[in-house]
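Enquirer: Below, the features straight out of TrEMBL:
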- 15-303: domain 'Prephenate/arogenate dehydrogenase' (DOMAIN)
- Lys333, Gly406, Arg434, Gln481, Arg658, Arg699: phosphoenolpyruvate binding site (BINDING)
- Lys333, Ser334, Arg338, Ser479, Gln481, Asp627, Lys654: 3-phosphoshikimate binding site (BINDING)
- Asp627: active site, proton acceptor (ACT_SITE)
Amino acid sequence: MAEVSSRQVAAPVLGRLVVVGLGLIGGSFAKGLREKGLFREVVGVDLDPESRRLAVELGVVDRCETDLAAACQGGDVIQLAVPILAMEKLLAELAGLDLGDALLTDVGSAKGNVVRAAREAFGGMPARFVPGHPIAGSEQSGVEAAKATLFRRHKVILTPLENTDPAALACIDRLWRALGADVEHMEVEHHDEVLAATSHLPHLLAFGLVDSLAKRSENLEIFRYAAGGFRDFTRIAGSDPVMWHDIFLANRRAVLRTLDAFRDDLDALRGAIDAGDGHQLLGVFTRARFAREHFSKILARRAYVDAMHSNDLIYLANPGGSLSGRIRVPGDKSISHRSIMLGSLAEGTTQVEGFLEGEDALATLQAFRDMGVVIEGPHHGKVTIHGVGLHGLKAPPGPLYLGNSGTSMRLLSGLLAAQPFDTTLTGDASLSKRPMNRVAKPLREMGAVIETGPEGRPPLTIRGGQLLTGMRYEMPMASAQVKSCLLLAGLYAAGETTVIEPAPTRDHTERMLRGFGYPVTVEGNTASVESGHKLTATHIEVPADISSAAFFLVAASIAEGSDLLLEHVGVNPTRTGVIDILKLMGADISLENQREVGGEPVADIRVRSSALKGIDIPEDLVPLAIDEFPVLFVAAACAEGRTVLRGAEELRVKESDRIQVMADGLVALGVKAEPTPDGIIIEGGPIGGGEVWSHGDHRIAMSFSVASLRAGAPIRIHDCANVATSFPNFIGLANQVGIRVSVEGEK
Ligand code: S3P
């Protein structure tokens, strides 16, 4: 069989396409391939003379045949697009013909029955029959609705069998791709299960609900007042009854399985209403509300990983500008994560305000929802967590997908190591490359059973039901994530768990545990917890994130004529390294209105532009400014003289290798930047324009946006979608204060 390219081809490469059944799907398949010119001729077969006439008139096919045998004689590909229950008869007829080398394929919505019918008719599944199912129906039907573009960007599922000829499969696959479809391969049974749940059950419910209401005596009243909810839910009850009757009969077994599972869930909901169990109802409703969005996110990320190309979100940062005004940047990411974790494990209801509605913190939130915690919101930064207590988490229904968030994965692994159930933690392409042995190794020493991917990378599979024992652990690196992970495991471990850090790291976990009434001992570089206590619900006000404020601290420092106030920023001393470093470089930064909110120090930060000078960054400040180096490198590029950073090898294992990626970007903009194994040397000087790549790292994308303030020409920054992980509405706030950055292609 000749190769078929997915591009438009000038000359036909295949002989004859026969399409049996000229409805919407068969007609669109024929028309699309005819327009592509892939076949020398396209022949239609249909019992209905009007469909045959229209098919020729509308250019769907070259010609029609009434006789199946005549049409198929010498055909290269035969597409069976008849109603699903007519398939048996058609296959029996085909089995009696000499089909030569022709490939057979079909478009039935259920596959098990087609395969069974083919086996019976042919005395075994023909190797050149490739079952298929395009998911591209519409309310319209008939050949008159056929569209050459119907399958563009729609999924087509092919369900080859063990004996399917690979060349036949490849050919059918390419035909669909030529029509712009997104082709996937699946096993027959899996296809039928998935479709029963995602398509067949919803149709059954829609038909059933409308009929049930229509039968009642007060039906007119019901339909008169049927507003959006009824209309939206029952739209698909307008679908073709005969076609759906066929589908339910064809996919009977899988539909019954999914219907039974749904009936159990419906009974549980009924029980909750009957018992006045609002908590149960809220749990179902909040989970459902966010589930659709969550799953689309997972799917988008999967596509990104698999296809190795994503929709590159490009920032265009125009040169110049100065900053003024007052803004509040979004809530602290570290504190937002911890508020969900501890709020979920507490007894009682915790209210959170100022919660960061960025993807990372939302990944943590979703993980706890998946483990049965009822969480309302977030809505304008407010979250209500109905805590389940230290021992109240439930096994999640599947792997916990944590997107881009290293903090979620590392902290969660500590508390999941002590649960009675197994969990698997997965993430996006960036998270899948990050080192997890730093938590897996000490957790194993405490008795945890954890499997990692190769070289200690995600996914992590954590075996439940282990008894952990407290230990004294000297961390080889200054990491708040490792410290927090072990302290969380320590809440469940026999005896005391002590973590010793080589240098101070952020202490939000220790502070927040105390805020929830859990005793924590901190002495110098040592933090300890003991199991046997409980967390009591509290109120948490999340301050603005100093790591997000950092972009504006640098921006206002380097842009001449700037004067900016950043409100309500968390200034926990384990986080203020960025202020200390900028001040050493000569920045004009002052803290006003200093106060303590919920155990965390907070201030308004005023920053005015000033001439920066290069410095040797003191190594003891590195862990206290660990997330702010990308933007500090931009400050260094704008400073007079040389800036040297050492002792910061941790930057190489963040969301990207931040030393290399920043160096590459700075060099592309004409800055002298030389990476070293544990840091970088940057010579201040003019910044040019150009193209830079953030490698999916949110902080790199925002740092180069800031660099534009001093650039000589526009900077195009690739791969910026992950800015949403930590700083939703970065572009909006940046524009508000005077940074000229926008999403390319958007006004
Ligand atoms: C974090 C700790 C830091 C930081 C990360 C958040 C936390 O990581 O880089 O963005 O919330 O504990 P390490 O502890 O691995 O340095």
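Each residue, glycine too, has its Cβ placed from N, Cα and C.
Can you tell me where each of these features sits in the structure?
Expert: Non-local neighbourhood of Arg658 (phosphoenolpyruvate binding site): Phe629, Pro630, Leu651, Arg652, Asp697, Arg699, Ile700, each in the same chain, at least six residues away, with C-beta under 8 Å from its C-beta.
Taken residue by residue with DSSP, Arg338 (3-phosphoshikimate binding site) is part of a helix. The Cβ neighbour count for Arg338 (3-phosphoshikimate binding site), using a 10 Å radius and every protein chain shown, is 26.
DSSP classifies Asp627 (3-phosphoshikimate binding site) as coil under the three-state reduction. All protein chains included, Asp627 (3-phosphoshikimate binding site) registers 24 other Cβ atoms within 10 Å of its own Cβ.
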Enquirer: From the binding-site residues Lys333, Gly406, Gln481, pick the residue whose C-alpha lies nearest to the C-alpha of Lys654 (3-phosphoshikimate binding site).
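Expert: Comparing Cα positions, the closest of these binding-site residues turns out to be Gly406.
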Enquirer: Using DSSP and collapsing to three states, where does Ser479 (3-phosphoshikimate binding site) fall: helix, strand or coil?
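Expert: Assignment for Ser479 (3-phosphoshikimate binding site) reads coil.
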Enquirer: Please find, for Lys333, Ser334, Arg338, Ser479, Gln481, Asp627, Lys654 as listed binding 3-phosphoshikimate, the greatest distance between any two Cα atoms, in Å.
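Expert: Result: 19 Å between the two most distant Cα atoms.
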Enquirer: Measuring Cα to Cα, how far is Gln481 (phosphoenolpyruvate binding site) from Asp627 (3-phosphoshikimate binding site) in Å?
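Expert: So the alpha carbons of Gln481 (phosphoenolpyruvate binding site) and Asp627 (3-phosphoshikimate binding site) sit roughly 13 Å from each other.
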Enquirer: Just to verify a number: CA distance, Lys333 (phosphoenolpyruvate binding site) to Asp627 (3-phosphoshikimate binding site), in angstrom, no decimals.
Expert: 11
Enquirer: Report, as a single number, how many Cβ atoms besides its own are within 10 Å of the Cβ of Arg699 (phosphoenolpyruvate binding site).
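Expert: Summing over all protein chains shown, Arg699 (phosphoenolpyruvate binding site) has 27 other Cβ atoms within 10 Å.
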Enquirer: Any same-chain residues 6+ apart from Ser479 (3-phosphoshikimate binding site) with CB under 8 Å of its CB? Would you list them in sequence order, or say none?
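Expert: Set apart from Ser479 (3-phosphoshikimate binding site) by at least 6 residues yet with Cβ under 8 Å, we have Arg438, Glu501, Thr505, Glu650.
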Enquirer: Based on a Cβ-to-ligand 1 distance below 6 Å, what subset of the binding-site residues Arg338, Arg434, Ser479, Arg699 would you report?
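Expert: Once distances to ligand 1 are taken from each Cβ, Ser479 fall under 6 Å.
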